[in-house]
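Look at TrEMBL and you will find 7-28, 40-58, 79-97, 117-139, 151-174, 222-243, 255-274, 304-324 tagged as transmembrane segment.
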Amino acid sequence: MDVKKILKNVLIALVIGIAIVNIIGIFFAKQNPIIALKTYPFKAVLVLILLLSLDYASQSIRTVIVLRSLGYKITFFQSLENFFLTVFFSFVTPMSIGGQPLQIYHFTKLGIPSHEATNISLTRMFEGVFITFTVNMIMLKTILRELKNTVGLSVIMVGFLVTLGITVAGILAFTNKNFLFSAFKFFSRMTKSKKLEEKEKKALEWLDKMTKSTKELFRKNYWTLIIDFVLGLVISPIPAFMLKYSIEAVSSVKVPLTVIWGAFNMLNTIVFYIPTPGSSGGVEGFYQLIFSHLYDPKSAMTGIFVFRLVTYYLIILLGVFFMWRFARFREEVSHVDGVKNENESIQSSVDDNK
């Protein structure tokens, strides 16, 4: 992707995000976001940055474990760079679609064969779906109780149903692919929609590739994938705890982590489908809708704003700085447009040879 296009997306994200925060502040929280930011405790910001570093480090260690178990030598800092690049590019592309192609390309730069890099990336995505589903199932009863009779519960349930649908489709793709394909064809005939038929075809292709990749890695080293899943589940509360900490730094209300974790998890399933770079604006709006029911609107707005500043805006600004400062970083980013098609053709040829 052209660096100018990335900068344009960053600018769009900043403008939309700041606009939504100001709208929330003026009409819902009844306070000026800038004034709220000035009064926010600086110590809490430092703690949030440390927690973010812990999250990134933990995710990087997971990648090191997976790759080394498959025989690829990779250092912690190479893995950290890979994770940062993946997150950054997800943040500067609509609906977060750019992260995976860049991750695969970076893996190949580290000496991992293209089809193996694709398998690893798709498998980690599949694991992420199951981790989200597991957390959602554990926390569903708690969320139904805490958000009963609120508008936010409807949004949360949409997220839960989306995760449930993807998970069921994934399981069927593993166990009974023909049945899944028949079900999709049945719905296509019922709707008689060309656009829906095309989307269903793409969804089936995506599920097929993802399950084939996971099966291949599972055959090679199933214990590694089990350990990776468990580690992913263990560290998954960190972002939710960051949001909880960020809001409660300015609120006297204390909400159990289980409630925040469940709501955060279900909500993230749908907010990242918003077609803005990194879903900017949509995240702030939906978070406010949900968490203002658990905290007072002012504290929720301030905490969400600071949380996004640390976890989103700080990352894209660091990414822009690295692009400006390091030619190698610019080279990594500029290759992404061609990577997606290349990996798709590689994966297709691999599948044909099986």
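Don't overthink the numbers, they just go from 1 along the chain as shown.
Cβ coordinates come from backbone N, Cα and C, glycine included.
Among the listed stretches 117-139, 151-174, 255-274, 304-324, the one sharing the most Cβ pairs under 8 Å with the transmembrane segment (7-28) is 304-324. Here the transmembrane segment (117-139) lies next to the transmembrane segment (255-274) in space: the count of CB pairs under 8 Å, restricted to residues six or more apart, reaches at least 3. Taking pairs at least six residues apart, the transmembrane segment (151-174) and the transmembrane segment (304-324) share fewer than three Cβ pairs below 8 Å and do not count as touching. The transmembrane segment (40-58) makes contact with the transmembrane segment (304-324): 3 or more of their CB pairs lie within 8 A, with pairs spaced 6 or more apart in sequence.
Residues 3, 6-7, 10, 13-14, 17, 21, 33, 36-37, 40, 44-45, 48-49, 52, 84, 87-88, 91-92, 239, 242-243, 246-247, 249, 278, 280, 283-284, 287-288, 291, 330, 333 of the same chain, all 6+ positions outside the transmembrane segment (304-324), place their C-beta atoms under 8 angstroms from a C-beta of that stretch.
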